[in-house]
């Protein structure tokens with residue numbers, strides 16, 4: 001089962017917007033050293049929307065190579081066309097990745113039956129473990145617990161990243177899935193409470209810059225030491241929120257650069273650099289967390 005603090009890793013780039021291998025290695029080494037449970041490569045935070053399919057696959061494979069078996073790598077493989085999601089997923093069938101994170105189709109807003117058929121078709125074309133990803137604030141599409149329950153009966157659909165921030169979803173989904181189905185928060189600000197209600201971990205933006213703290217918080221929560229976990233979470237709470245003061249991954253890329261984890265905070269259009277006001281806000285949150 002996928003558990004603990006899983007990082008939604010940024011994709012570091014050089015000043016020309018090309019993927020920076022040296023910075024990627026530095027990031028991976030940082031997460032290995034600080035107890036991160038797994039890496040999600042080229043998800044939303046990894047700027048999947050501005051990478052070509054070939055670049056997307058190249059970054060995942062580079063991440064897998066640089067990880068060198070030290071930490072599991074999960075590939076982001078979502079698309080809003082089922083055939084495209086299948087094609088992207090199949091690129092990794094024999095790669096050695098730990099699984100795939102597949103977002104609900106965005107913009108075209110399928111019905112619940114459409115969502116079921118979409119994920120069922122992907123699962124039928126691969127043996128890789130599949131983690132569903134529900135983030136309606138970005139996709140315009142909300143996968144309901146009943147649909148998750150139906151999909152959980154498919155052998156290689158093994159978990160969900162639930163990013164609504166609606167904590168009632170934990171109980172509703174738990175009632176419909178088996179105990180081995182991984183319930184992962186996709187919302188850092190509510191992840192601690194999500195785990196207290198029975199979740200197994202978080203796929204996190206904050207972990208990019210606070211890997212040890214997030215790993216410790218998740219470990220303590222898993223051990224039932226919620227008072228201790230909450231002490232860490234309280235210190236990180238401004239960061240959980242302020243990393244979204246501008247569109248993700250703009251603030252977290254800047255924060256990674258500020259902490260010396262990457263060489264630049266270069267983004268690809270239509271994403272633009274963090275504003276001066278954004279720097280002040282995120283910098284203050286980093287200081288509150290004890291990271292600066």
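Any Cβ shown, glycine's included, is placed from N, Cα and C.
Annotated site 'Part of a proton relay during catalysis' per Swiss-Prot: 44, 107, in sequence order. Marked as pyruvate binding site by Swiss-Prot: 45, 203. If you look up Swiss-Prot, you'll see 133 marked as active site, proton donor/acceptor, on the strength of sequence analysis. As annotated by Swiss-Prot, active site, schiff-base intermediate with substrate applies to 161.
A map of Swiss-Prot features onto the structure.
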residue	record	contacts (Cβ under 8 Å, 6+ apart)
44	site 'Part of a proton relay during catalysis'	8, 76, 103, 135, 138, 248, 249
45	pyruvate binding site	8, 9, 10, 205, 208, 248, 249, 252
107	site 'Part of a proton relay during catalysis'	80, 139, 140
133	active site, proton donor/acceptor	43, 78, 101, 102, 103, 104, 160, 161, 163, 186
203	pyruvate binding site	6, 7, 8, 40, 43, 101, 161, 184, 185, 186
| said: Applying a 10 Å Cβ distance cut-off over all chains shown, what neighbour count does the residue listed as 'active site, schiff-base intermediate with substrate' have? | reply: 27
